Structure formats: C-alpha cells, structure tokens
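Peer 1: One structure, as structure tokens, below. Some questions next.
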Amino acid sequence: MNRPGLLTACTAMLRRDLTLAWRRRGDIAMPVLYALIVTMLFPFALGPEDTLLQRIAGGVVLVTVLLAMLLALDAMFSSDIEDGSLEQLVMAPQPLALMLGMKILAHWITTALPLIVIAPLLASMLHLPGAVIPVLLLALSLATPLLSLFGAVLVALTAGTRRSGMLLALMLLPLCVPAVIFAAGAVAAAQQGLPWLAPIIWLAAALVLAVVLAPLACAAALRIALDA
Amino acid sequence: MSNWIPLWLHKLGSPPTFYRFAGALQPWAMTLALLLGAIALYGGLVLAPADYQQGDAYRIIFIHVPSAEMSMFIYAAMGVAAFIALVWRIKLAEVVAMESAPIGAAFTFITLVTGSLWGKPMWGTWWTWDARLTSELVLLFLYLGVIGLYHAFEDRRQGARAAAFLAIIGIINVPIVHFSVNWWNTLHQGSTINVFGQSKMSWDMLWPLLTMMLATKFYYAASLFRRARTDLLAMEGGKDWVRKIAADEAKP
C-alpha cells in the first residue's frame, strides 16, 4: 500500500459515513432534541431562580451533552454489522485502526458537532454568563471527541451482543469521570473568574493520548467481538 | 535442569490438572481463612484497646481496610489474568479473570457499606463526595461493567475475552480517575499503614488488621478455586475428563 492509496481510502470512508448520516437526517436531530428537552426539564425540577440555574448551568449542559452522545453511540457500528460491511472493513488491506478512526470522526461530526453548535443556546437557557460560553465551547469541543473515542472502544466490545444500550452506559460513564471533572472544572473556574487554562490543557493532553490509542484499542476490541 | 517451574505452570494451565489442584487446596485455604479471620476478629474486637478519639467505633477498620485493600488487589489480579488471557489465549486465565470479578465486586460493596457505617458517627454523614469514596464507587461500576459484558455474550469464551479487554482498559483508567478525583475533592484520611517504614498505628491494633488482610487473601483464593472449578466443569461439559468425574461421582 502506498501513501496516496491510504489517503483515498480514508476520504472514501469518511465520505461514505457522512453520506449515510446525511441520508438519515432525522437521526442527527434526535440527540439535539434530547439535549434541549433535558435542559428544559431542569428549571421545572429545580425552580426558575436565576442564581441557582446560573450556578449549575455549566455542569448541566456538560452532562446533558454527554448523555445525548451516549444515546447516539449505540448506533455507531450497528448498521455496518447488520449489512456485513464491517467484516469487509476488518478484512481490507488498509489498517483497521485508521479506518475506524475515520468512522469515529464521522460519528463525532454527525452527533457531537450539532450538540456543540446548540450548546450556547442550552447554556443561555440556564442563564450562563455570556463571557463563560467560549470556555464552555472549548471544554465541550475537547471533551466530546474524548467521549466519542472512549465510546467507540466500548461499542466495538459490545458489537457481538444484543441489547447493549444499558450495558454501554454502565461501562462508559465510569470511564468518562475524568473528562467530566476537567471540563466542568474549567467552566466553573471561568465562572468564578479564576484561571481556567489548566483543566483545558489536561483535557487536551488526554485527547491527544486518546486519538493515538483509542483507534488501536477499538480495532483490537472489534477483532475480539467479531470472531466467534 | 531448572525448567520444572515453567513446565509445572504449563501443566497447571490445563483444566483437568487445575481442577484437581484447586480441589486439593480449596479446603485448606478456606480453613486458614476462617481460622485467621476468627483470630483477627478476636484480636480486633476484644484484645485491641479502644481508640482515644474514636472510642470503639474505630473497630470497623478491621473489616473496612482489609476489604478496601482486597477490592484493589483483586482488580489487579483480574487485570493480570485478563492480560494473560488476551495475549496467550489460555482458557484458565479467562476463567480466573471472570470469576475474580464477582468476588472483587463483593469486597468493593463491603468497603462502601462499612465505610458509610463508619462515616455516620465520625463525619456525621453516610456518604460524602470525597475522592476515595468516589473512586471506590467507580471501581464498583467497573466491576459491574466487566460482569455485565461477560454475561452479554452467548459464547462464554468470547464474552470472557471482551470483558478481559474491558478490565485492562479499566486498569489504565483507575489511576487517572483516582488522581483526577483527588484533585477534585478530598476529605478521607491518608493511609495509616506503611509497608516501608513506621506505621502510624500501635502494634496492638496493627496485628489484627494484618491478620485480617491475610485471612481475606485466603478467602479470595478459596472462593476463586471453588468458582473456577464450577466454571471449568460447565465450560468443558462435553470433554472426557468431566465425564470421568461425573461417572466417579455417580458411583455409590
């Protein structure tokens, strides 16, 4: 395999997944609607006091986005397993980890990006100060790929099972505790006027590590889950 | 020459040999666990003096600390077995890893329960969002995830391999969770027992604690042997050696 071949394969993979997602545009809207509705429930449950909502806004938006992503995570490989194209991908001469990386990227673009776009709206529904919103967006844009990468490994592990939804939540949520702590820590620090760069840098470091390791782990997990 | 150790280990990896080996050791391990546990409980609850500050309430340490230690020790053991299972695809290692998980989860649960019982009189609350408590809770969820994933597969060996992979991911993640949570919030006291150097505890209180730690290790071994034997029988159901055992047991 020479280099241009690999690049062509990557773009083809990415284009295929994005086209498939675009053909089912309704599915893209679902996590966004879910996040909107969950955020809307918080003022009902806690009361419409501005100061209280302001204090919890950052954390609520983060957790809501994570849960919305979890909802969509289940479908990452399911259609490809059903029609058998994942097996073809495993047998393809291109490195599986790279191809899966492209699939994860496509999944992130179709589920997390709309959530990040809508996050300012969610945050201002809870009266998060406008000055903090850029920090929230930065934290989200580092934490969501981390979640997609972690999630992809676990989805690959459950690829051979049926009814994996709750199991996925049970496995993923403990693993993303650090991401939540650092992302929420950055937002809270920004809200109190403290320096918020350190947790963001921690997140970025974790993301760099995950970008390198998670596709490899995902490929290994998929090989385990698919061979019977 | 001196290659009998690898040879013996290699032999031990075969299910029938391990079945006999575990069957022979299991009663001894259980007896030792019960004996040491009884001694430790007597030493801890009767012989050891009351704490000058906490009074008798501190005595729950003789359950709490050994099970907390076991919750991490078993996770490490499970991780090592999982690694062996994934790399060398040894059936016995899969069984050991998967049968360690429920024992570890039980110890983690005991740690959380005794901790909250202890927290009520000392901190005035059953639960607090402290670093150590939270990471112990995360550990419990990791155990439950491994157990859940193992049972989600129809093919047991495939399930064991997938769950072993999850256990290894967990091992990488546990220190990260621990440090991030530490940075987040801390109330729990530091460690009292120090392996290298002076422990911050009088010998009267220390020896029952150490004895209990030893007892829990033996209990783990006994429980693991018993579970692994049952699992091996179920897994190797159609094999000749199992049939032989069944035929022997059927004889009056």
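Any Cβ shown, glycine's included, is placed from N, Cα and C.
Quick paste of what TrEMBL says about this protein:
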| type | residues | note |
| --- | --- | --- |
| DOMAIN | B:27-188 | domain 'Cytochrome c assembly protein' |
| TRANSMEM | B:28-50 | transmembrane segment |
| TRANSMEM | B:70-88 | transmembrane segment |
| TRANSMEM | B:100-119 | transmembrane segment |
| TRANSMEM | B:131-150 | transmembrane segment |
| TRANSMEM | B:162-185 | transmembrane segment |
| TRANSMEM | B:205-225 | transmembrane segment |
Peer 1: Would you kindly check B:28-50, B:100-119, B:131-150, B:205-225 and say which stretch has the most C-beta pairs under 8 angstroms to the transmembrane segment (B:70-88)?
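Peer 2: Answer is B:100-119, with the largest number of Cβ pairs below 8 Å.
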Peer 1: Residues of the same chain, at least six outside the transmembrane segment (B:205-225), with any C-beta under 8 angstroms of its C-beta?
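Peer 2: Same-chain residues near the transmembrane segment (B:205-225) but 6 or more away: 22-23, 25-27, 29-30, 32-37, 39-44, 47-49, 51, 61-63, 65-67, 69-70, 73-74, 77, 96, 99-100, 103, 107, 193, 199.
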Peer 1: Pop the mean pLDDT for the domain 'Cytochrome c assembly protein' (B:27-188) in here, whole number is fine.
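Peer 2: PLDDT averaged over the stretch: 86.
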